[in-house]
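Have a look at the structure below before the remarks.
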Amino acid sequence: MAFYVPAHMGEGPEKLREIRRILRRNPKGLSISDISRKVGLNRNSVAKYLEMLLISGQAEMRTYGAAKVYTASQRLPISALLEYSSDLIVVLDGEGRVLQINAPFISFSGQNKEEFLGLEISASGLPVVTSPAVLSVLDDQPAGEVVVPEVAWGDENIFRAKILPTTFEEGGRGTTIILEDLTEIKKAWRMRTFLANIVESTEDAVIGKDLDGRVVSWNRGAERLYGYTREEMIGQTLDPLVPPEKAVEIARIQGEIEAGRGIDRLETIRFRKDGSMVDVAISVSPVRDEQGRVVGASTIARNITAQKHAEEEQRRHAEETVFLSKTAMAFVEMEDDEEIFGYIGRQVRTLLPGSTVVVSSYDHKQDELCIKAVVAGEEEKRLEGERAGTRVPMAPRLREYAQTCLYDEVNLVGHPAAAFVGAGERCIYAPLISHETCFGDVVVLPGNGQVKENRELIEAFIRQSAVALHRRHARLALKRSRERARTLLDASFDLVVLTNAEGEVLAVNERADRFFSRTGKERVEALHIVLDGLREGVLREGRPARGEVRACGKTFEVSMTPVRVVDEIVYEIATFFRDVTTEREAQKESRRTNRQLADIIEFLPDAAVIVDTGGQVIAWNRAMEEISGVRKEEMIGEGDHAYAIPFYGERRPVLLDLVGTDVDPPPGYLHFERLEDVVVGRAHCPAAKAGDGAYVWGKASALFDDTGDLIGAIEVVRDVTPIVETDLALRRSEEQYRTLVEHTTSVILSLDLGGRVTSLNTVAEECFGYTGEDAIGRSVLGLIIPETESSGRDLRALVRAICTAPDQFQTCEYENITRDGRRLWFSWTNRAVYAPDGTLKGVTCIGNEITGRKDLEKALETAHLDMESIAQVLELSASRTFVVRPEEICPATQNAETIREALESGRPTREEIADGEERWLIPLRDWKGKGPAVLGVALARPESRRGTYGPQKKEEIS
């Protein structure tokens, strides 16, 4: 039977034989301490020898609680002991040849055992043990145990290698290689890191503690919630967070955890570091080890301060509603005015303890105030009660207080309460006015009451009291009570429904009426069917109750409050429905988002790739599959820059390979920038998009675990081809525009909204005599455009209109001025220029000189004026004249054709007629302000021309 002994233990064989003899003589077994005393060695040495015997199969170990007992066993051959180990084991002889291989190793290699036995290890081709890391240790022939922490084999497998020099029982020496598979451990570690990152990023406080109550983990949410840093809390108990009165609560939680049970939700309070209190909802779960034993607890805490404040506001709101409802019912049940004034005083003093309250009525007929009730302490009541019934005229100054509210520090001179002790010290005055009618007032003398805390409630009660007085005076008690209740309900921002004890709807407020339908009653009654349990509790206990219900397509937070209780019997219930649909949907969406955290990378809109520290791809999301055309299954696990092939057609570094380095980017990047731990770049990728090529923007950064160790890198890429192509097209368009502007024969100016020159082309420079440096930034008025034309027309308003509303002045003509003072006429075409956001930013003006045309128009105008003058002279000197307008020409008109020809040609025509006369037809553009016409003039023919022309001979005069 062979077994191996490390070579560095010289007395090993002898000691092993002695320990085996001792174990065989003690078949019931011995502990390490027993064996140590019998063999004369320390516990550590005995433990090492026992481990060898256990491995060689010559000893067995049993555990009893924390104790370990060793007994002798049947000796096994080394080949048998190898089969009992789940590790991969190879035994080499002194020459480095394979002596033994256990079954797990053969199963991992996938080959037959006989193929390797007797082969030298370096030539055997065995997996893992022939890696350079292991062979280099074997070449050094170590004298003691050597551990290679990690040996990678293939794409996924990782092993820890133990290399032990071995002495066999027969005295031979060799080497044993034990391979421990770390693959699953590494995967579990990566998953633990991933989950830890999720816990660290959550908004809730997540705290881990051991069974002693000491903190072992403390995320950022806990830092934000409680104010303590991770360093301050690790290793500490949660005592600084727990108020003394909550110690029993902590003990109960600890008991539940030790029993293996969790706490689903517990609303409680905790201290922050700054001493302030915070309302939290906590969930506690036990944490178990691999054997299922509870080893600690995980606590998730959420800040519910806002929720508690809302609940407190709802409670206060309900209490105020109850108070006002009770007083409203009391007003209804009162029989006369005397009782109501005393009741008003008592309720005000209830809200302001320690005060003296004086309630007066107002007599409209006598215009007097009369004290009706004085409510004070027993001693004060005895001294001041005699003043009840005092009457004084209403002071004009008191009429200024025309609203039913509290007025502070009022001067009571002229009021019957002015005679009371302390009436001059910060008195509070409240007139009882309803519907612009005064029914009296309330005076509060200083006391211990806090007006600030109850001011709104007091004012509401004073207003209620005024209404009660008003309605009592009108003798409409029943109607007054119902409308007062309706007023109170309508004041609520919630949906409010008033029901009797049987659940029948008595009234709804305006909001509920609008929501539930025209009357609201049918749908409200249907809704109350699901609230019967809540209502039964209110009727039974007489206290408010809360709940939540889903109805009418919405989620409501329901609060039921008894509003009329007589002899502890609830007769009416006010139910408040607060619409929390949006809040609940938001909470549901938040939970759904948390469940999808694991899929964030997979469904990122941008393409993403993640590699580990070895450069192997561990994530390749769907967007990356689309842009690269490579499926995830084909890329996961690939290394050696395989992720670059779908983009560049070759293996080459990309952005994620440059993170944390000073290496220059490879050729092809159009833009590259380092921003601390982030690398950003843009490049043209010829192989992307199935070989069509694409411009890609990328951003890469390093990935770290919770201990700060580098675990890989991530690169996010985005197809920016449309943006780049648009930018290139824009540049080409701008170049074409500049070329067009520089080669045009027209003047081109650009103006901003203030009329300042922003650009001008070379034609404009040559025409007006200004260079770009001379003109840009200056106002066009006074520079190129005169403020006033030669004709006297003011051009300033026109220029302002062109710059601010160019679409209304697309074409215009006006006089311009050159640098040397010459005045030139131009015809301008104006086009608006807009900013990318659509706002007007200026105007482009394109002009052509029309000075020559203007001169011709002026000469033509002068000629027309001269012709009209001549025609007027001829009209005076001729023997006969006539005027024919175009609309008057008809077939019956004498000489119609000749007159029409004169109008069309615009030139005078002469005709010889009988009796020594000649007739002139003179076309006129505007005759006496009535439009175009032909003036016919008959003149005596000179002697020199008589007989020259035949009858009706006509001549056109140019």
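Quick reminder: no glycine exception, Cβ is built from N, Cα and C everywhere.
Look at TrEMBL and you will find 74-118 (among others) tagged as domain 'PAS'.
For 191-245 (among others), the entry in TrEMBL reads domain 'PAS'.
On the 0 to 100 pLDDT scale, the domain 'PAC' (264-316) averages 87 in this prediction. The domain 'PAC' annotation in TrEMBL covers 264-316 (among others).
Look at TrEMBL and you will find 593-638 (among others) tagged as domain 'PAS'. Residue counts for the domain 'PAS' (593-638) under DSSP, split into helix (H, G, I), strand (E, B) and coil, are 17 helix, 10 strand, 19 coil.
The DSSP breakdown of the domain 'PAS' (733-805), given as helix, strand and coil counts, is 31 helix, 16 strand, 26 coil. According to TrEMBL, the feature domain 'PAS' maps to 733-805 (among others).
Residues or ranges marked as domain 'PAC' in TrEMBL: 810-862 (among others). The helix, strand and coil residue counts that DSSP assigns across the domain 'PAC' (810-862) are 12 helix, 29 strand, 12 coil.
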Please work out which recorded stretch in 264-316, 593-638, 810-862 has the most C-beta pairs separated by under 8 angstroms from the domain 'PAS' (191-245)?
264-316
